[in-house]
Amino acid sequence: MKSSEDSIHSHGCDCEPPKTHQISTDISVHAVPVLEPLSTHKMIYITSISGALAGFISGLVVCPLDVAKTRFQAQGAYNNSNDIDKKKNSSNINGTNVSNLKYKSAVQSIKLIWKEEGFRGLYRGVVPITLGYFPTWMIYFTCYEHFKKFYNNYIHDDNLSYFASAISSGAISTTLTNPIWVVKTRLMLQMDDGKTVYSSSNVNANTSTNVTRNVKASPSAGAGISTSPNSKKMDWYRGTFDAFKKMYQHEGLNVFYRGLLPSYFGLIHVAIQFPLYENFKKILKISNNGDETLDMSNTSTKMKTLNFLKFILASSLSKMIASAITYPHEILRTRLQLFNNNSNQQNESQLKGLKRVFKNIIKVEGFKGFYSGFIINLARTVPASAVTMVSFEYFREYFQRFAY
């Protein structure tokens, strides 16, 4: 009897079975597989909708800065399109003297647009922006997550896998959504009174204050960018779908893929940004392996806040570095998207047009021309990146828990 009690007492002191059972239970709770139980179909849906919502929110938040950036970038385009010999005119932009520019800085640009055009001016092109970001990030994130798994089977280096995944995903999303961004650029350079922000005919005027004088759009411009002072207001783009229609009628299908070549060059941007982002997540310890986020539902309020700030830091740093390296391609792309079909460049190939724009920027504006509006761009893209990436991470985590 005593030995039996001793035996029971011994087991009670040992308590090994209960402990083992409790530990096993805890592990099953805290390590609930979020992704493994979900089918591939569900994961595609979750990633797609998370990316789409993240892009939509980002587009709304940064639209005013996107308008300011686009107009700033475009200021030199019309000097370049009117031959290099006009460089002697005081109205020409040389890349070093900003006294003749209408838009000089991010803050000044936004204030001026607000003064001249009001709230609507700051959200010029918001429809194509949201229509653009929505499918762009939906396609990109879906492809990116798929390609990461695909390339991991063949590439055993994480950074190379991230690089290849970013390039592949970027190529697909860029090709499919380029028409939307062309329309967005055109609409952002248009004002409420049926006028455009810039005109090559005004650049010809030997008046420093007329670099960005507005003239009414002509149908032959197709972009709302006129070379004729006799253009009719009725040809002004009345909205996103009206722009699609008129651009197709006056410039053909090819206009929607204008600037696509420099956009492909810009794939190096995401090829730099996303591997950096994945590595920053690892360094900051906000992901298990750089692929999936932690289950943030099981962390304290303090840890949730810390993770949130870490996501912002990781996305901001990766975006700043990538932007500094690859920004010139955005200038080239914007300039190519602005040229209209009422010119000698009508049948010009993408490569030939790219070479011409590149040479003209060098001759007229100098090297600084490739970084025109860079500060405005950072003020736009860094918050946009933070909003997009953080929103995506949290939307994905939420939908994964909801689906489970």
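Yeah, the Cβs are placed from backbone N, Cα and C, and that goes for glycine too.
As annotated by TrEMBL, repeat 'Solcar' applies to 42-150 (among others). Model confidence over the repeat 'Solcar' (42-150) is summarised by a mean pLDDT of 76.
Summarising the annotation, TrEMBL assigns transmembrane segment to 43-63 (among others). For the transmembrane segment (43-63), the list of distant contacts is 35, 122-123, 125-126, 129-130, 132-142, 145-146, 380-381, 383-384, 387-389, 391-392, 395-396, 399-400, 403: same-chain residues at least six beyond its ends, Cβ to Cβ under 8 Å.
Beyond its flanks by at least six residues, the transmembrane segment (121-140) meets 48-49, 51-52, 54-56, 58-60, 63-64, 66-67, 70, 110, 113-114, 169-170, 172-173, 176-177, 180-181, 183-185, 187-188, 190-192, 239-240, 243, 270, 388, 392 of its own chain at Cβ-Cβ distances under 8 Å. The transmembrane segment feature in TrEMBL is assigned to 121-140 (among others).
Taken from TrEMBL, the feature repeat 'Solcar' applies to 157-283 (among others).
Among the features that TrEMBL reports, transmembrane segment is placed at 160-181 (among others). Sequence-remote contacts of a segment are chain residues at least 6 beyond its ends whose Cβ falls under 8 Å from one of its Cβ atoms, and for the transmembrane segment (160-181) they are 128, 131-132, 135-137, 139-141, 143-144, 147-148, 150-152, 244, 256-257, 259-260, 263-264, 266-267, 269-271, 273-275, 278, 337.
As annotated by TrEMBL, transmembrane segment applies to 255-277 (among others). Within the chain carrying the transmembrane segment (255-277), a Cβ under 8 angstroms from the stretch's Cβ atoms is held by residues 140, 144, 159, 162-163, 165-167, 169-171, 174-175, 178-179, 181-183, 222, 247-248, 314-315, 317-319, 321-323, 325-326, 329-330, 332-334, 336-337, 339, 341, 350-351, 354, 385, 389, all 6 or more beyond its ends.
TrEMBL lists 306-398 (among others) with the feature repeat 'Solcar'.
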* Structure fact -> Using DSSP three-state counts, the residues of the repeat 'Solcar' (306-398) come to 78 helix, 0 strand, 15 coil
